[in-house]
Amino acid sequence: MHEITLVTGLFEIINEQVAAQGIKSISRVRLKVGELAAVEPMTLAACFEVVAEGTVAQGAQLEIVEVPLTGRCRGCGESFRIVNFNFSCPACGGGDVELVGGRELYLESLEATMKSL
Ligand SMILES: [Zn+2]
């Protein structure tokens with residue numbers, strides 16, 4: 001279970017934003033998570049809730065955008081969804097496939113209330 005490590009890392013980024021931008025409270029956190037990141041969304045959400053307690057992100061809604069594993073064939077240029085780790089191109093059968101999506105794991109956006117100046 002590496003979700004707690006991910007959430008801790010996520011909070012390092014959030015705290016930087018909070019300090020840099022004078023955020024008062026965070027209402028929504030949107031994460032992009034690739035299929036290959038092997039993250040269990042329910043576990044991630046539960047960890048988030050625990051770590052968020054007592055911070056500006058307490059009660060924030062965690063939105064997880066899952067990114068499917070996608071490949072692009074270097075032979076014919078076809079883009080396709082990779083299922084069952086089958087890395088051969090469905091169009092030409094070639095095996096020279098570049099991974100273009102599915103490894104993402106990053107904070108996409110924050111919805112926050114700023115401190116009034
Ligand atoms: Zn191909």
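Here, residue 1 is simply the first one shown, and the rest follow in order.
For all residues, glycine too, the Cβ spot is worked out from N, Cα and C.
Now, the feature entries from TrEMBL:
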type	residues	note
BINDING	HIS2	Ni(2+) binding site
BINDING	CYS73, CYS76, CYS89, CYS92	Zn(2+) binding site
Separation of alpha carbons, CYS73 (Zn(2+) binding site) and HIS2 (Ni(2+) binding site) (Å): 31
Number of other Cβ atoms within 10 Å of the Cβ of CYS73 (Zn(2+) binding site) across all protein chains: 21
Position of peak Cβ density within 10 Å, selected from the binding-site residues CYS76, CYS89, CYS92: CYS89
Surrounding CB atoms that lie within 10 Å of the CB of HIS2 (Ni(2+) binding site), all protein chains: 14
Output field, Zn(2+) shell: CB within 8 Å of site CB centroid, site CYS73, CYS76, CYS89, CYS92 dropped: ARG74, GLY75, GLY77, GLU78, PRO90, ALA91, GLY93, GLY94, VAL97
Binding-site residues close to ligand 1 - of HIS2, CYS73, CYS76, CYS89, only those whose C-beta is under 6 Å away: CYS73, CYS76, CYS89
HIS2 (Ni(2+) binding site) - helix vs strand vs coil (DSSP): coil
DSSP state at CYS76 (Zn(2+) binding site), helix/strand/coil: coil
